[in-house]
Structures are given as structure tokens and as C-alpha cells.
Amino acid sequence: MSVLVDEDTRVVVQGITGGEGKFHTEQMLEYGTNVVAGAVPGRGGQEVAGVPVYDTVQQAAREEDANASVVFVPPAFAADACFEAMDAKGIDLVVAITEGVPTQDMARVYRKLQETDTYLVGPNCPGLITPGVAKLGILPGNIFSSGNVGLVSRSGTLTYQVVDNLTERGLGQSTAIGIGGDPIIGTDFIDALELFEADPDTHAVAMCGEIGGEDEEEAARYIGEHMDTPVAGFIAGRTAPPGKRMGHAGAIVSGSGTGTAESKISALEDNGVPVGDTPEEVADHIEDLL
Amino acid sequence: MRLHEYQAKQVFADAGVPTPASQLAETVDEAVDAAEDIGYPVAIKAQVHVGGRGKAGGIKLVESKEEAREAADAILGMDLKGYHVSKVLVEEAVDFVNELYVGVTMDRGEGKPVAMVSTKGGVNIEEVAEEDPDAIAREHIDPAFGMHPFQARKVVYEAGVDRDVANDVASVLTTLYQLWDDRDGADVEVNPLMITSDDEVIAADAVMNIDGDALFRQPELAEMGEEAAEGDELEQKADEYGFDYVRLSGNVGIIGNGAGLVMTTLDLVDYYGGKPANFLDVGGGAKADRIANALDMVFSDDNVDSVVFNIFGGITRGDEVAQGINQALEQFDEIPKPVVVRLAGTNAEEGMEILNEELVTVEYTLEDAVQRAVEFAQEVEA
């Protein structure tokens, strides 16, 4: 078992005719993902990597029974692409890879999301993968292995680092979810943790947070109150100075001192979550917890 | 992206927010002429992005031509908390009886904008938020509807603003929300909003931070932002190269891909007893020339004694990175600072084979690479 992605996931790629869209469609197909359609306005009837392209997401969902969408659309049009996917009947998972979506656009998408049953992962994320089954996004499939550790992270490459440490010692993953580094994202830590808690094949969860916002603190309280599945954590940005944006739009300690690594680490530890000082130590903790 | 006070005031004034009479000056003579023109007393205010400008000597109130000359001479060219002052705003000094705070920002936890009003204006609002959170009235706005007129009134009355000026304050707040919404604001605020003895409201300061990701549709503000750009030479160079870069005070230079992993590399440098000199994210899919630019950046920081290069390839390919590193280092007769490289992920093995080990030290784990770079830096220090 796994969360969000399994054998029945049928993917439509929004922006499949662009460079990134095409390249990663090929990569997803090679990994075994069921990419069944592309959607690009004005490009209906074409084919990319052997996949039929439709003008709208609704057509793709109807004609090819697509039930998930991956968005590779440029930032200026990404919010509209998310709205289109949320609107399309049959699509219940949207993965937005695009980096640089204006925050106010995301506030509107987030507002609409509250009225739907759709899961949105991202934006500004590497996507998600159920090893050996399917990947939706840009994660390098070869470093993952199938197993019982769930992984949720705000950062792409940090996810790869932790997965590498896990895989090296034979700890495979049930599903890995990159939730994205923006200030407003669809699926947050608590949403992902809820899914892992309900998945009988996820036996432990590695949670990689970073400075900025208070999602990790809220997730820590959720873990303390609601989770039986053990969780180990990592927080990036201990050395980040206040007021400076550390790469991700959301990775910033505010001038008044909210969003620090310190506050997140102590919230996690107070709720029984061991936090690694290094990515290697996260794997140590997971090994102990299993 | 943050506008200067004079730019934000212009935007506010154009939208109908009352602001004091003011003129921008770049020389002492211009400042004196402006002061004479406006009439005393006037405030002379340094145009730099520094909090607590007043306390640091960047704002002076003057009553005469002589004082204006003296103040302008002192402020223009001064170094204010590391920032060079090249412009001052000469502004009519407002005689006020009360100071309010009025602002709109994004509440990222709620995913919604929030309008805020406080009668404790004129001081650092973040301190107020921490020490006396109830002194700030807040109203969340549904982005699908925008701010209803009643919400502006509600938050103004909740804050305890006098009924005599409540309508005018609500009107300023409504305009700020509109600007926030139309101009892709991140934070839009007036602190203080002054109330005069005749119940007039005047925006004595103006803050406008714009979402950097939205500049493609705010060309006018993007242009203002270029004028407002501050930072040292290296930060400007990083902008040219298109890197996410933050300069720190240590001596271990750090280059990597992906924000979370680069932050982690900084943290590990600290964990193993070193001091990070910078955050530099080359981004996804970096090609050889970009890698060379990144090395050039870190080498040109005089504080740097050693460099750790940590790449975990997803879209980024190890062989491309290795070529970039060789290419950059082959230009030197002598490598200026020791470089430790760790490659993992896509094409990492091919990359390791390409790397010229006469030029760099190769390590196979993140932990080893960081420790080695810290050792090199400590050797230079000693």
C-alpha cells in the first residue's frame, strides 16, 4: 500500500509540450507511471512521447479516465492550471511542480481548494513517488526503494539526501511526498501525516521541515495528539539569519523571530519526535523506531 | 522586493492616501532647497531599508536653513547599519496628537490576507505583536471577495480608533488593501499614520514590499525595485548570475543545489565546528557555465578560506557539474582556495570520474565533505 499514488493512478500532464513537461513525461513513463494524456490549449490531437494531447484537462479526464494531474505550466499560468484541474470531473489529485507562482494567486487556489475534495501537492515541489509503482513529478526514481517508511518534506534535494541515507541501509519507502517550499501550499505536513497514519504499510515517517512559518509546530502537536505511527524529524536552516530568504520563498525567519529552526525542533521533541542533527541521524532514528 | 519610502509614498499618494509634502534630494544643496521650499520644520530622512533609522541617526528634524544643511551633510553619504545613504527625503514635519499602525499582509498559516490596525503606532509593530498582541486588531480577508467595507470599519473600531477619525482611517486601510491586491503586495503598511489636532490623517511613513514572484506583471514596480536595489557587490553579482545567495560572516564557502539541502550544508558546517560564509543555491538543472559562475562568486569573497560543493542530482547531472568545476578551476595557475566536492544522484559516478583530483578533494558523503572543508578552513585560520 501507499498514499495518494498507486497502480490505479492515471496521469494527465498539463504543459506536456514544454521542455520540462516533455522531459519529465518521458522520465515518468520510463519509471512505469501511467501517463495517459497531456493537456495544452490549442495542441489537442498531437502526441508527445506517445501520449495523446487534449486541449483541456476535462477532455483528457473524460477520454482517458485520467484521475491525477501534474502541472508543468509556467508561473504566470500555473494558478489557472490548478483551477482547471480542480474543476475537471474525475481529477482528485493535482501535483504542481512549477516554481515561482505569485503568492496571491496561490491564496485564491488555496481558497478554492477548501471547497473541493481534491488533493493539491505543491507548488514549488518535486512531486511524489510510490517506489516501484509510479512517480508524479521530477524525483530521480533510481534512489528510491520500496518499503515501509513514509517521507514528507518541504525540500526536493534534501528529500533525496534523506532517501539516499534510508535506502543505503535497506530502509525502503512506502511513499515520499515533496510538499513544496512556498509560503502557501496545498498539502501541508498535517495532511500528509494523516495519510501516512491511515496507511497500514507505513510503519514510520521521516519528516523534513525547514525554517519559516509554523507548519512544523502545528504538525508536532498533531503527532503528539493523534499519531500512533512513529515519526523522526529533521529541520534545515539552524544557521539562517533572520529576515533573509533562504532560497525557498517560504524559508524565512521573520524579524520578530517566528519560524526559527529552534522553535520547530523543540516543538517536535516536546511531542516525542526525535530530531536528527544530520540527515544520517534521521536514518538512525528511523531504524530505531521500526 | 522592497520599495524605498519615497517610492512607496508616491504610490500611496497616487492612490489617494494623504501624505506630507516632500521632495527627494541627492545632494546637500538639493536638500536645503527642498527644505526652504517646503517650510520649517522639516524632517530629513535617509532612504535605506533599515529598521530603526531614527535611532541610528538617519532621521533628523530641522528648524532652519543652517540646521537643514548640517543634517543633510551628516546623513548623505553616511553608513547606516552597513548601508550607504545616497538619497534623503525632505519632508514636512507633521504636528500630530496620535500615531496609528495600519497594514495589510499575507497570513501564510491561514493562506489569507489579514488587515491590521493598532493605536500603538510609531514603534516597531513586530515588538508590539510580541509584547502586547491584543493591541493589534486583525481581520482576515477572503481572497475570493476582497475586503468588504464593513471589514475595514470593523477592524478600525476593534482597534479602538476614535470615532471622529474612524472613517478616514478605514478609508486609508481600504486603499492599502486595494494596493496590496492590485500591485501584488507582500506587506503594505503605514506606520505611523498620524492624526493631527484637526482630525486629519497623514501617512508619515510608507512600507511596500512586493512579491518578487509577481514582478513579471508589475513592470512599473519592478523598475522602481531596480532603483531601490541594495546590498554589497557580491549580492549584486549573485543577482546578475541569477543565484539565490545570502552572505554570512564565516569562512567556509558553500555551493549546492536546492534550498533545503544548501541550508542543511550550512547547518552541518556549523555542527562540525566551522562557520558558513554564504548560502548559494545554483538551482535545478545547473549546467557547466553556471557551476563556474558559482565558484567565481565564492572565490571572490575575501572571507572564504575553503569551499564545499555539495550536489545531489535529480534534474542536475553530476557529469555536467564535474565539467563545470574542472572548467572553472583549470583557469587558475594556482587554486585560490581548497575545494571539496561531493556528488550524488543522477550521473554522480560519471561526474566523479571526470573530476580532476589534482584540483579538488573528492568526498563521498555529505558529512565527510563538510568536515574536510571545515578542516581546510581551520588550517588557513591557524
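Cβ coordinates come from backbone N, Cα and C, glycine included.
Annotation comment: TrEMBL describes A:4-101 as domain 'CoA-binding'. Residues annotated as CoA binding site in TrEMBL: A:THR17, A:GLY18, A:GLY19, A:GLU20, A:ILE97, A:THR98, A:GLU99. The annotation substrate binding site is assigned in TrEMBL to A:TYR160. Marked as active site, tele-phosphohistidine intermediate by TrEMBL: A:HIS248.
Among A:THR17, A:GLY18, A:GLY19, A:GLU20, A:ILE97, A:THR98, A:GLU99, the residues given in the record as binding CoA, the maximal Cα to Cα distance rounds to 18 Å.
On a Cα basis, A:GLY18 (CoA binding site) lies 24 Å away from A:HIS248 (active site, tele-phosphohistidine intermediate). Proximity to chain B (Cβ-Cβ under 8 A) holds for A:HIS248 out of the recorded positions A:GLY18, A:GLY19, A:ILE97, A:THR98, A:HIS248. Straight-line distance linking the Cα atoms of A:THR17 (CoA binding site) and A:TYR160 (substrate binding site), rounded to a whole number, equals 27 Å. When the binding-site residues A:GLY19, A:GLU20, A:ILE97, A:GLU99 are ranked by how far their Cα is from the Cα of A:TYR160 (substrate binding site), A:ILE97 comes first. The Cβ neighbour count for A:GLU99 (CoA binding site), using a 10 Å radius over every protein chain in view, is 20. Cβ neighbours of A:GLY18 (CoA binding site) (same chain, under 8 Å, six or more residues apart in sequence): A:PHE72, A:VAL73, A:PRO74. If you take every residue in the domain 'CoA-binding' (A:4-101) and average the pLDDT, you get 96.
Each residue in the domain 'CoA-binding' (A:4-101) gets a DSSP state, and the totals come to 34 helix, 23 strand, 41 coil.
In this structure, A:THR17 is the one among the binding-site residues A:THR17, A:THR98 with the smallest number of other Cβ atoms inside 10 Å of its Cβ.
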